[in-house]
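According to TrEMBL, the features are:
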type	residues	note
REGION	1-23	region 'Disordered'
DOMAIN	42-135	domain 'RecBCD enzyme subunit RecD N-terminal'
BINDING	Gly210, Gly211, Pro212, Gly213, Thr214, Gly215, Lys216, Thr217	ATP binding site
DOMAIN	564-611	domain 'UvrD-like helicase C-terminal'
Amino acid sequence: MTTNRHDGSGGPEADGSRTARTEFDPRAVVAHDGVLGLLNTSGLLDAADVHVTRRLVHLSGGQVSETAQIGAALAVRAVRQGSTCLAIARIPELVADDEAVSAVMPSSAELERALADSVLVRGGATGPLRPLVLATSDDGPLLYLRKYFRQEELIRSVLGERRSSRPDVDVTDVASAVDAVFGPAGPGDADLQRIAAQMAAVSWTLVVAGGPGTGKTYTVARILAVLDRLAGGGARIGLCAPTGRAAAQLQAAVSADDAAPRSVRAVTVHSLLGWRPGAAPRFGQGNKLPHDVVVVDETSMLSMTAMSKLLDAVRPDARVILVGDPHQLASVEAGAVLADLVDGEDATPPAPIPSGLLDDGVMSTVADRDGVERGVVTLRRGHRFGGGIARVAAAINRGDADSVLDLVGDPTVTDVTLVSADDLDDVRSDVATWGSALRAAAVAGDASAALDALDGQRVLCAHREGVWGVQGWSRRVVDWLAELPDHPPNLSVDSTSRHAGQPLLVTANDRQTGTFNGDCGVVVRTGLASDTLDPEGDGLRVVFRRGEHLFELHPTQLADAVPMYAMTIHRSQGSQFDGVTVILPPEGSELLTRELLYTAVTRARQRVRIVGSPEVLAAAVARRVQRASGLRSPIRVAEPT
Ligand SMILES: Nc1ncnc2c1ncn2[C@@H]1O[C@H](COP(=O)(O)OP(=O)(O)OP(=O)(O)O)[C@@H](O)[C@H]1O
C-alpha cells in the first residue's frame, strides 16, 4: 500500500508564507551561524537547504565563498519549491522588502560571478565533484543541482532527437485510417481532434493539451485506433498516468469508448517503468519498453524526474503522446514539463510535415498553426461546460483579474458567483440540499443515486489546515448537516463509525480493494438493517464509481478512509462535480495562485460559488506559479559537463 502526497499539504511551509523562525521551529538550523543561518532565521531557507549546502561544500574539498554558498542553498530551495533550477535574475523577488535578507543577499551579477569561480561549479583540486551547473538562457543565468541538470538534458536531447525525424508512413494510409475512425471530413473542417490524429501518425512525440471536457480522452481513444490501423492491428500500447487514481480513471474512460483498441490497460507511470521505491526503474536506457505507442495522461502532474525516466525508457521508434491541461497545478515534485513543452521554444525546428497530410485551406483557419506544426495540439472546444465557467476559466488563465471580477459580479452570469464570507446563506443551502440528497439515497440503499448526489456539490479549499482550510470547513459543513432533521445528530468530522450517507475520502492506494488516494465514496444501506455500523458491519457498504462501473466494499475493508465534507483543491484534480464552492482564505496567501484557482473553478460542470473578497480573488488571479526551468528556451553551458 502506498500513500501519495498530492493533497496540498506539501510540508510545513505549504502555504508558502515566509515567517521568521523561532528556536523551536523544526525548520530552524540548530547551530545557525554565518549568512546561511541568518537566511534560515529570516525564513527564506529551510534547515534542509542549509544542511545540503554544508554537505556539498564539505564534499567539494575547497574554499567556497559565502556568496557561492548562498547560491547553492537557493538552488536547493528552488527544487524544494518545484523549480528545476534557480533563475538567478529573479533573486530580487526573494529579497522582496525583507531588510534582514536584503542586507546579506548578493545581486544577481555578484552571485553569478561568485558561482562561476566556485569549486562547486568548476571542480576543486581534490576531485572532480562539481555538484552545481551554471547555464545561460534567454531567461538569464540558471543554476542547477547537477542531478536535475542531467534530467533536463536528457529530456531536451531525447525530445530534440525525436523531433528531427518522422515515422515513415504513407499520407494516403493516414488519410484513410483517419477517415475510418472519424468519418469523412466535412469541407473546410478545422477539427483539431482530427488534426491531432493526423499529427500523431507522423510524429514521434505529440502533445495533446486542453482544458477539462475539451475531448482529450476522446481524442486519445481515436488516435490509438488510427495508430492501430496503421500498424495493421496489434500495436503494443502503453497507457499510463502519474497516479493510481488517474490511471484507474483513464482505464474506465478508455474502456467505455468503443473507438479505443480493446486490449489497452492503463497503469501508473511507475508501474509501466517497473520503478519501485528506492530502486532504479526496470526499463530505461539499456532495457527499452516494448511498446509501439506510449500515452501519458494527466501529464501536468508528472515530475521532471519521472518524465526523464520515461523518455529514457521509450524506444526511439515508439510514439509518445503526452496529454494534459498545462494550466492546472503542476507536480508536487520539481518540474512543470507539460507547461514548458506547450509554451516553450524549441532549440531545433521539427522535421518537415509530409506534404498532403494537412489541408492548407483548413490549416489557414487554425489559430495556433505554429503549435500544431511543433507537435502541440491544443483542443479548445469545451464539450462539458460552457457559459460563465468557461469564460471565467479563460480570464483566469490570461491573468485578467478585471474580467474575472466583472464576470463574477455580472448578474447575467449565473453559473459563477462571488459571495462574501459574511453571507453564507446560499452556501449553507447548497450544502443542505447536497447532504439531504446524499442521505436520502443512501438510506434507500440506492448506490447510483447516492454517488450522483455525492458529486452534486463539493467544497474545495486552498489550504488543508485552519479555519479557512479543509479542517475548519469540514467542521462547519458537519455542524450545518447535524442540524438537519434527516441527519444523525452525532455527526463528526473525524468519526470512525459509519452511517448511511456519510461521504468518505480514501487517503492511500490499496490494490487489494482497487481504491486509490483521492477516491471518494459514500456509505449506503444494503437493505439489511441498521443505519449505523454494528460490530459485524452488516447493513452498510461503501460504494464507489469508476467510469460507468459501480463497486462496493464492506466498511471494514477500507483501512485508509476519512469522512469527507470538504477537500483540498490539489486533491480534487481529475474530478468533476456539478457544483463547486471554492473557499478563499480571507488574506491572500502564496499558495493561492492562478493555477490553483483555475483548477478549482474547472472542477465544476454547472455552477461555481467563490467564497471570499474581490481583493483576494484578484490577487490569486495575478499570482502565477513561476517554476524556473531550462526547458522553455535553448540553454548554453560554459563549463564541460
Ligand atoms: N468530437 C466529439 N463529439 C462528441 N462528443 C465528444 C467529442 N469530443 C468529446 N466529446 C465528449 O465530451 C465529453 C468530454 O470529453 P473528454 O472526457 O474526452 O474530455 P477531457 O478533455 O478528457 O476531459 P477531462 O480533462 O476532464 O478528463 C465526453 O463525454 C466525450 O465523449
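Placement of Cβ uses the backbone N, Cα and C atoms for every residue, glycine included.
Residues Gly210, Gly211, Pro212, Gly213, Thr214, Gly215, Lys216, Thr217 make up the record's ATP site, and a Cβ search at 8 Å around their centroid adds Tyr218, Asp325, Leu379, Gly382, His383, Arg384 from the same chain. Mean per-residue pLDDT, taken over the domain 'UvrD-like helicase C-terminal' (564-611), amounts to 92. The binding-site residues near ligand 1, defined by a Cβ under 6 Å from one of its atoms, are Thr214, Gly215, chosen from Gly211, Thr214, Gly215. All protein chains considered, the CB of Thr214 (ATP binding site) has 22 other CB atoms within 10 Å. The helix, strand and coil residue counts that DSSP assigns across the domain 'UvrD-like helicase C-terminal' (564-611) are 12 helix, 17 strand, 19 coil. Neighbour density around each Cβ, counted as other Cβ atoms within 10 Å, peaks among the binding-site residues Pro212, Gly213 at Pro212.
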